[in-house]
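Here's what Swiss-Prot has on this protein:
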ACT_SITE  CYS32  active site, nucleophile
ACT_SITE  CYS35  active site, nucleophile
DISULFID  CYS32-CYS35  disulfide bond
MOD_RES   LYS3  N6-acetyllysine
MOD_RES   LYS8  N6-succinyllysine
MOD_RES   LYS39  N6-acetyllysine
MOD_RES   CYS62  S-nitrosocysteine
MOD_RES   CYS69  S-nitrosocysteine
MOD_RES   CYS73  S-nitrosocysteine
MOD_RES   LYS94  N6-acetyllysine
MOD_RES   LYS94  N6-succinyllysine
SITE      ASP26  site 'Deprotonates C-terminal active site Cys'
SITE      GLY33  site 'Contributes to redox potential value'
SITE      PRO34  site 'Contributes to redox potential value'
Amino acid sequence: MVKLIESKEAFQEALAAAGDKLVVVDFSATWCGPCKMIKPFFHSLCDKYSNVVFLEVDVDDCQDVAADCEVKCMPTFQFYKKGQKVGEFSGANKEKLEATITEFA
């Protein structure tokens, strides 16, 4: 299940709760066409990779989280391990998204 992050505190808690698991964060917006396009694929990955934590951040609802994470465009995917960012890319690239998950998971 993809967890919707609604505050800076919830984001920090989710990263901490993940422990050693890979955390994949989808920074998106409701008005973003490419975000809508990749969203079902992103959600399908959480069934395929049960050992990975999937988070979703709406940049309009959580501007502080997006600013802290230096998100400049949507969609941006960030990858965290043990609370530290280990990877990031922007764009609705399904192949790159899954390849990056398999690289870090």
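Backbone N, Cα and C atoms are what each Cβ position is placed from, and that goes for glycine too.
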Quiz item: Around CYS69 (S-nitrosocysteine), how many other C-beta atoms are within 10 angstroms of its C-beta?
Solution: 19
Practice problem: Using C-alpha positions only, work out which of the recorded positions ASP26, GLY33, CYS35, CYS62, CYS73 is nearest to LYS3 (N6-acetyllysine). | Solution: ASP26
Quiz prompt | Residue among the recorded sites GLY33, PRO34 whose Cβ has the most other Cβ atoms within 10 Å | solution = PRO34
Quiz item: For LYS3 (N6-acetyllysine), which DSSP three-state class applies?
Solution: strand
Practice problem: Using C-alpha atoms only, work out the spacing between CYS73 (S-nitrosocysteine) and CYS32 (active site, nucleophile) and round it to an integer in Å. | Solution: 10
Self-check item: For CYS32 (active site, nucleophile), nearby residues of its own chain (Cβ under 8 Å, 6 or more apart in sequence)
Solution: MET74, PRO75
Quiz item: For ASP26 (site 'Deprotonates C-terminal active site Cys'), what is the secondary structure state per DSSP, taken as helix, strand or coil?
Solution: strand
Quiz item: Relative to the Cα of LYS8 (N6-succinyllysine), which of the recorded positions ASP26, PRO34, CYS35 have a Cα no more than 10 Å away?
Solution: none
Practice problem: Among all chains shown, work out which of the modified residues LYS8, LYS39, LYS94 has the most CB atoms within 10 A of its CB. | Solution: LYS39
Self-check item: Rounded distance in angstrom between the Cα atoms of ASP26 (site 'Deprotonates C-terminal active site Cys') and GLY33 (site 'Contributes to redox potential value')
Solution: 14
Quiz prompt | Integer Cα-Cα distance in angstrom, LYS94 (N6-acetyllysine) to CYS69 (S-nitrosocysteine) | solution = 21
Quiz item: What does DSSP say about GLY33 (site 'Contributes to redox potential value'): helix, strand or coil?
Solution: helix
Quiz item: Tell me which residues of the chain lie with their Cβ under 8 angstroms from that of CYS35 (active site, nucleophile), as long as they are six or more apart in sequence?
Solution: ASP26, SER28, ALA29, MET74, PRO75, ALA92
